[in-house]
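First up is the structure itself, then whatever we jot down about it.
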């Protein structure tokens, strides 16, 4: 049986591949695929509607090789940044102080 961390890693990989390749390269997320992933998989972070301007900025920030898509490595950086943000939030919460 796999550990919770191993399960979490498997979910992160499976989630990427669930959305990648619907619009072209099966190993990259297009802007539309990234938008759908954010809306369906991270609704607490984006709210009910994904902000187009925010999505454009996010894609630009993540897209290190400027191919207008997010590859797995760029996606992993995105997840790491979200994880750091969550950790910072919980470290600052009154229950942890």
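Glycine too: its Cβ is placed from the backbone N, Cα and C atoms.
Here Swiss-Prot flags 28, 33 as Ca(2+) 1 binding site, drawing on a curator's inference. Other Cβ atoms within 10 Å of the Cβ of residue 33 (Ca(2+) 1 binding site) number 21 in total over all chains.
Secondary structure at residue 74 (Ca(2+) 2 binding site), taken from DSSP and collapsed to helix, strand or coil, is helix. The 10 Å shell around the Cβ of residue 74 (Ca(2+) 2 binding site) contains 19 further Cβ atoms across the protein chains shown. The Ca(2+) 2 binding site feature in Swiss-Prot is assigned to 63, 65, 67, 69, 74.
The domain 'EF-hand 1' annotation in Swiss-Prot covers 12-47. Broken down with DSSP, the domain 'EF-hand 1' (12-47) shows 23 helix, 2 strand, 11 coil.
Listed by sequence, the residues of this chain that lie at least six past the ends of the domain 'EF-hand 2' (50-85) yet keep a Cβ under 8 A from its Cβ atoms are 12-13, 16, 20, 24-25, 27-31, 34-35, 38-39, 42. Taken from Swiss-Prot, the feature domain 'EF-hand 2' applies to 50-85, supported by sequence analysis.
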>> Whole-number answer please: how many Å between the C-alpha atoms of residue 28 (Ca(2+) 1 binding site) and residue 63 (Ca(2+) 2 binding site)?
In response: 11
> Whose Cβ, among the binding-site residues 63, 67, has more other Cβ atoms within 10 Å than any of the rest?
Replying inline: 63
>> Cβ within 8 Å of the Ca(2+) 2 site centroid (63, 65, 67, 69, 74 excluded): which residues?
In response: 28, 62, 64, 66, 68, 70, 71
> Do any residues at least six apart in sequence from residue 69 (Ca(2+) 2 binding site), in the same chain, have a Cβ closer than 8 Å to its Cβ, and if so which, in order?
Replying inline: 24, 25, 28, 29, 30, 31, 63
> At the Cα level, what's the spacing in Å between residue 74 (Ca(2+) 2 binding site) and residue 33 (Ca(2+) 1 binding site), rounded?
Replying inline: 14
